[in-house]
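Here is what Swiss-Prot says about this protein:
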ACT_SITE  D76  active site, proton acceptor
SITE      R11  site 'Important for substrate specificity'
SITE      T77  site 'Important for substrate specificity'
SITE      Q159  site 'Important for substrate specificity'
Amino acid sequence: MAWVLASTSPRRKELLAQAGFSHLDFSFQLVAPNIDETPLSTETAEQYVCRLALEKAQAGLALSSHVVKPQVLGSDTIVVLNGLILGKPIDQNDAKRMLALLSGQTHEVMTAVALTDGEHTFNRLCRTQVSFCELSAADIDAYVGSGEPMDKAGAYGIQALGGCFVKSITGSYSAVVGLPLVETRELLACMMQHT
């Protein structure tokens with residue numbers, strides 16, 4: 001059996017390495033799934049993020065035909081503020097808009113994880129509350145100018161410069177970064193029990 005991470009996120013790669021089982025020869029390969037991330041008009045934020053994680057895992061499985069008995073992990077993270085889904089910004093103005101919305105507010109970060117081998121599929125959803133301090137226009141401009149927000153849900157990275165804006169967090173820090181470690185370990189353990 002071989003573990004495959006269906007992601008191009010360097011943060012997920014780093015986090016998955018942390019989730020390794022010390023008593024096993026745990027390593028993983030990377031594949032880059034390409035899925036349509038457009039929300040469906042009828043789905044909730046929870047349904048949306050769970051669907052994306054599952055579709056990434058399934059697309060990763062399709063890309064893993066060269067791997068013997070692949071176990072493919074897909075994950076997705078969104079930021080939700082008052083029912084509004086904030087994905088990755090499309091440009092700098094979009095990043096500034098998102099950060100202005102998050103300023104002084106508490107939002108929810110949802111990270112879904114799905115693991116499949118084609119026969120068995122397991123998934124988890126992790127919800128974390130994050131409160132931001134008030135951000136000035138200068139704060140937002142400087143942060144967006146750093147380039148950091150451009151590939152991150154909600155236009156911030158808690159593990160880097162964006163962490164300076166976080167007043168408090170209730171829930172999983174690693175889920176906000178992009179991969180909830182406790183839930184991921186649970187999925188890996190479930191899969192190992194079923195194979």
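Every residue gets a Cβ built from N, Cα and C, even glycine.
The model shown is predicted, which means the values in this text are computed figures rather than measured ones.
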- Query: In Å, rounded, how far does the Cα of Q159 (site 'Important for substrate specificity') sit from the Cα of R11 (site 'Important for substrate specificity')?
  - Reply: 9
- Please compare the recorded sites T77, Q159 by how many other CB atoms fall within 10 Å of each one's CB, and tell me which has the fewest. Q159
- Task: Based on DSSP, name the secondary structure state of D76 (active site, proton acceptor): helix, strand or coil.
- Result: strand
- Task: Return one of helix, strand or coil for Q159 (site 'Important for substrate specificity'), based on DSSP.
- Result: coil
- Message: Sequence gap of 6 or more, Cβ distance under 8 Å: name the residues on the same chain that satisfy this around the residue listed as 'active site, proton acceptor', in order along the sequence.
- Response: E37, V49, L52, A53, K56, T111, A112
- Item | R11 (site 'Important for substrate specificity') and T77 (site 'Important for substrate specificity'), distance between Cα atoms, whole Å | 12
